[in-house]
């Protein structure tokens, strides 16, 4: 990827883009007009500034393309930076510290406090400070890389034109060689339940509650549900998650890991009702909410009363008023934009990436697609191995995985072997008094090649990147087992699990 950057930056400086046979059609550099003009000419126009959009815009500019990024919100960064990944991680981290201090954890380490008090306003302030710094950072990167930022609601008004409607009703027209749709996703509504972001909230409202609820019900025990539910459970709420499926952690999680994960969360005080569906919710005169539930297969109805109801049943692609219908670009049955392997829609110069196309709705997946997509516009190779895209649940302990689960391997009829290592036998986890969880490695029986890695425990979100690298390069379990890992570190558990998978036995367990 770096070599492509050097080649195209060099060509851009020498004005040779029009000689690239696979590049943008008619890509001679065109001077960009200022904001005061009615029209902007560009080579690439990105609609959306979330992880996929802003990264794609910067990469396009670095490749020498005249780039515009249209964003409907006042701040850059999309859902992830403003009301998703970033603020939730701030609350997850700080609520974990509070939980340690308020419970017996600190005392067991010899740290004694006479009084531990939660200042929720201060916690929210720290979250907002982090968000502001990062969104401002994107604005700085745009300026540094000469990406033109247009604040307005972007609509494709022609195969070579985007019109941004601003808050004041004014419009900015961009004539562009290529268009990249990176508009992300929005919260999936629950039929019959109206979200007011006050007491019936989506993930957005759950990040900004004014006080800790006495009782909270979470609809959905997937990634977002367990993350946000655990935040408020740690801060003192009585939290119950109602999940239609028979496990926690969402789609893709290994079932053995999921069961252990659920057990640990329950030990912390998080409650679950699995194989259960929500049939409705009613606000009472005292402000509380009655949530009606019953077994997923049907059965006796039950009512749970709560102060706050959090709806976390997933997200759906955001393609509203993009102008796709007028262009003849149809959506698939799940509302996604169909694209080919180069991320092109049925109109070759209109591309789409991230949550609006097929695949997991992950920020890092969108970032990778954004980079690869614009490199493809410039004539570069386009390839992503989606089997090597990791997933992380940022609770404590964390859960992370990449590659195949045991259930997937069984379904596909692939013969495999398993290597496991518990954090209870890891010296660093022991010294940290943080020993819940394990590392589980799945290797191909005939070749020893790593097929999947599943981690439940401290630092899982960092450790999984070593596993992703191993899968990307087709490493064997023995390859990893023979790599010297620093001692004492948590990642030694990853090596030990690969020892167990390759040789049938780990050293320290």
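From the backbone N, Cα and C atoms, a Cβ is placed for every residue, glycine too.
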Worksheet item: Given that Swiss-Prot lists 220, 221, 222, 223, 224, 225, 226, 227, 278, 314 as binding NAD(+), which residue among 243, 294, 330 does it place in the same site?
Response: 243
Practice prompt. By CA-CA distance, flag whichever of 159, 355, 487, 505 among the recorded positions is nearest to residue 220 (NAD(+) binding site).
Written response: 355
Worksheet, complete the sentence: Three-class DSSP assignment, residue 143 (N6-acetyllysine), comes back as helix
Discussion item. According to DSSP, collapsed to three classes, what secondary structure does residue 226 (NAD(+) binding site) have?
Written reply: helix
Worksheet, complete the sentence: According to DSSP, residue 71 (FAD binding site) sits in strand
Response to the item:
The rounded CA-CA distance in Å from residue 80 (FAD binding site) to residue 285 (phosphoserine) is 35
Practice prompt. Would you identify the secondary structure of residue 243 (NAD(+) binding site) according to DSSP, in three states?
Written response: coil
Response to the item:
For the modified residues 66, 104, 143, 277, 417, the largest set of other C-beta atoms within 10 Å encircles the C-beta of 66
